[in-house]
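The next block holds one structure in the form of structure tokens; read it before the comments.
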Amino acid sequence: MKKKLAAGLTASAIVGTTLVVTPAEAATIKVKSGDSLWKLAQTYNTSVAALTSANHLSTTVLSIGQTLTIPGSKSSTSSSTSSSTTKKSGSSVYTVKSGDSLWLIANEFKMTVQELKKLNGLSSDLIRAGQKLKVSGTVSSSSSSSKKSNSNKSSSSSSKSSSNKSSSSSSSTGTYKVQLGDSLWKIANKVNMSIAELKVLNNLKSDTIYVNQVLKTKSSGSDTSSKDNSSKSNQTSATTKYTVKSGDSLWKIANNYNLTVQQIRNINNLKSDVLYVGQVLKLTGKASSGSSSSSSSSSNASSGTTTTYTVKSGDSLWVIAQKFNVTAQQIREKNNLKTDVLQVGQKLVISGKASSSSSSGSSNTTSSTSAKINTMISAAKAQLGVPYRWGGTTPSGFDCSGFIYYVLNKVTSVSRLTAAGYWNTMKSVSQPAVGDFVFFSTYKAGPSHVGIYLGNGEFINANDSGVVISNMNNSYWKQRYLGAKRYF
């Protein structure tokens, strides 16, 4: 009996795959245990779509012993092309590391993604750890000549523009080096900017950043910031109000109104980043006298009620913050935390008392939580069919944790973490409910894949087939299921 395998969702080694070269310069292989379309595409430097098309596949499920044609394996042509490229100029070689993307590598070596793909003969954006990429050298005579003309143009134009800009920008910009656990949201709050401003200032096309990346930031003493502050101070007398809509988050609202998330928190005396549909927020004006008096009273109280809390299994900063009626940011600052990942047994200093009146607000909390879950699931389903992209966090392509990051930020503000990172920050539950997160051990031990539970054994996730709805009772998922976690 043939054993079926779910495509693209395992990373065990391909052992003994049979390869036969045909006269037409195509290759055929026989599927072995552990093979998947994604893995074969990576091994033979093609794409899942090309494999599916070449073999007229109507499903991504493979059978052991099945014969597949590998498209476009023109070894002689590729070798001659590479040798000619080497002759034209000496190429540097870069080895892909875990977490890399073409965009990151192109930025690091001051290239465009298109140049990188041309230089390496790539037909897709998929790369794998350990893969060797050429990162310098001549792509073609036409591209090199265009580069020369562009460089001549850019050198003159950039020198003009930079000289014009330097007088105003040099004094008004600083730099920030990205640290482990950082996100654009966290950095924007740290340097009192909006995420949109950070992205424009650094020409970022996505929210993905990497450790040791240097970002330009606005100096607090710049002319622009003083202008903004003066205009804001003029506006404070007329308070603007905003009613929260489905899909909103503090980050989204802050960007729309050119504010920081922290400013909205302060003005509205928010204890958490959780919003609910219909909630009215003030968007201009000073933090209310009530909030300042309450903050002063809480600081007075906290000075006498500082407690040490030991992290338990299932805890997250958000869960602990709710328990002690403080914000996650207050816990971060109090404990100098560089990341939101907590360890069981870790000691945290908390200023405040565990809330005794949680039951009175439970009905409001339940209704707002339900609304957020519905919004999140709607946002997730709207992405059905979006292709898989390693490290992707946008509708142009997602990986599993990038998909979770995207949909969670439709209803709250979270950092970009791995599947294991989200596992460590959420509360464990014995059985998943709608809106909970289900985790699986796929290509390595521990949580390496995550999806959102929809009920009736189904969950939505981004796997190698793209964003799809899968069934947990499928033999592949059933044997790899780790457990469920709750965020809301």
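Quick reminder: no glycine exception, Cβ is built from N, Cα and C everywhere.
Swiss-Prot lists 1-26 with the feature signal peptide.
Sequence annotations record features per position, and here Swiss-Prot assigns domain 'LysM 1' to 27-70 based on sequence analysis.
Marked as region 'Disordered' by Swiss-Prot: 70-93 (among others).
If you look up Swiss-Prot, you'll see 92-135 marked as domain 'LysM 2'. Mapped onto DSSP classes, the domain 'LysM 2' (92-135) shows 15 helix, 6 strand, 23 coil.
Residues or ranges marked as region 'Disordered' by Swiss-Prot: 137-176 (among others).
Sequence annotations record features per position, and here Swiss-Prot assigns domain 'LysM 3' to 174-217. Mean pLDDT, taken over the domain 'LysM 3' (174-217), works out to 80 on the 0 to 100 scale.
As annotated by Swiss-Prot, region 'Disordered' applies to 218-239 (among others).
Under the heading domain 'LysM 4', Swiss-Prot lists 240-283.
What Swiss-Prot records for 286-306 (among others) is region 'Disordered'.
If you look up Swiss-Prot, you'll see 307-350 marked as domain 'LysM 5', on the strength of sequence analysis. For the domain 'LysM 5' (307-350), the list of distant contacts is 179-181, 189, 262, 265, 270-273, 415, 417, 421, 424-428, 485, 487: same-chain residues at least six beyond its ends, Cβ to Cβ under 8 Å.
Summarising the annotation, Swiss-Prot assigns domain 'NlpC/P60' to 370-488. Residues of the domain 'NlpC/P60' (370-488) grouped by DSSP class, helix first, strand second and coil last, total 32 helix, 37 strand, 50 coil.
A sphere of 10 angstroms centred on the C-beta of Cys400 (active site, nucleophile) encloses 25 other C-beta atoms. For Cys400, the entry in Swiss-Prot reads active site, nucleophile.
Around His449 (active site, proton acceptor), a 10 Å sphere centred on its CB holds 23 further CB atoms from the protein chains shown. Residues or ranges marked as active site, proton acceptor in Swiss-Prot (evidence: sequence analysis): His449.
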Checklist outcome for this item: Secondary structure of the domain 'LysM 1' (27-70) by DSSP, residue by residue, totals 14 helix, 10 strand, 20 coil
Checklist entry - Taking just the CA atoms, what is the gap between His449 (active site, proton acceptor) and Cys400 (active site, nucleophile) in Å? => result 6
Checklist entry - What are the DSSP helix/strand/coil residue counts across the domain 'LysM 5' (307-350)? => result 15 helix, 8 strand, 21 coil
